[in-house]
Amino acid sequence: MTKMAASMVEHGEDAFRKLFKFYKRRNPPPDLRDVIDFSKIVKHEKVFPTELNPAAVSDAEARRTGLRPIRDWTAFGLHGYPGFIFISNPFLPGSQQHWVRQCLKTYPQKPNVCNLDIHMAPTETQDIWGRSADALRKTGSRVREPKTLLEKLRWVTLGYHYNWDTKTYSADHYTLFPSDLHSISLHVAAACRFPGFNAEAGILNYYRSDSSLGIHVDESELDHTRPLLSFSFGQSAVFLLGGTQREDPPTAMYMHSGDVMVMSGHSRLLYHAVPRVVPAPKGDPLHPSLEEDGLGPGSDQGLAQDHTQGEATLIQPVSEEDWAVCSRYIETSRVNMTIRQVLGSGQAFPAMDMTDKRIDVGHTDGYHDSQDGENVGLKRRRRSDS
């Protein structure tokens, strides 16, 4: 740890918040030399290789969701963080484009819920992509156009819709979970030795270049024995993983496009945050030739059928027209999907107090943070509890 970063956490008093502010700082910018970069790991005192289960998912099943064979994945653990697994970009060349388009075009569609629903009529948020695409396709314009709805998007919830006010899920606020996202989550969890993972809820966070995610713990799910999965696309970010107390100093690491994190066991309920979005490294996997592996825009080969099994693949070609919008968006932005299993086997939601039966999409900022790294929704909740 650099001398400056180390001085932030010497005394342990809310060490997480101090390091969050250090990495979030704009002027002067922080020293990022101590941020772990799993894509360049040769040897690091905190990092060790993690063995996955290559027999858990067949090569054909992996390819259906755009993943390499599990035996080709590179996975790591961190000393002091049992249950934490970092998988460095397990995606096949060209397949990330499908997931970027899903996050920008498909998943924000109704009946899914997003932050824009709070201040806009349902008819206005019915087609966020359609109302934003033309403006985003325009390149080289010198006139500063107003932000599109897509650029104003901060979060989308899937499956069991998270209530930002009550910090809960409920049986009566549910929409069908996307089948492609369910499949890839099942495969990643199985590779990490969590067979039978049932993706029931998703929170998608959309980061602009100056966005961050406040310090929080994901504890609203009723079953904490199942892992939390995190998928990143677009620009890179600094991710902080702490301990069970705010006094525990966090470890900083990069999340690049295509990286997957799995938080399970002891690490399932640790404090974490994203203080900073940073430019993706040169040669990132979203900008090479998109025709690699027949998975790029305009390609119709290799996508309609997985010929090894004769089954339809879930990864669909991205048209050049759609990718023009997606690529413009991710030039400065990042998308993250966190996938959760809410209920354990045989579990059910507790009976709801009918006096408080309401469906609320929550605060506009959801779990994006204030300047000091506190979770905005969480701070409001705590004040209301006092």
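Including glycine, each Cβ sits where the backbone N, Cα and C put it.
Database features (TrEMBL):
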type: BINDING; residues: His216, Asp218, His272; note: Fe cation binding site
type: COMPBIAS; residues: 359-371; note: compositional bias 'Basic and acidic residues'
type: DOMAIN; residues: 198-343; note: domain 'Fe2OG dioxygenase'
type: REGION; residues: 281-305; note: region 'Disordered'
type: REGION; residues: 359-386; note: region 'Disordered'
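Each of the binding-site residues His216, His272 was scored by the number of other CB atoms within 10 A of its CB, and the lowest score belongs to His216. In the predicted model, residues of the domain 'Fe2OG dioxygenase' (198-343) average a pLDDT of 84. Cβ neighbour count for Asp218 (Fe cation binding site): 19 (other Cβ atoms within 10 Å of its Cβ, all protein chains included). In sequence order, Ile215, Val217, Leu270, Tyr271, Ala273 are the same-chain residues whose CB sits within 8 A of the CB centroid of His216, Asp218, His272, the residues recorded for Fe cation being left out.
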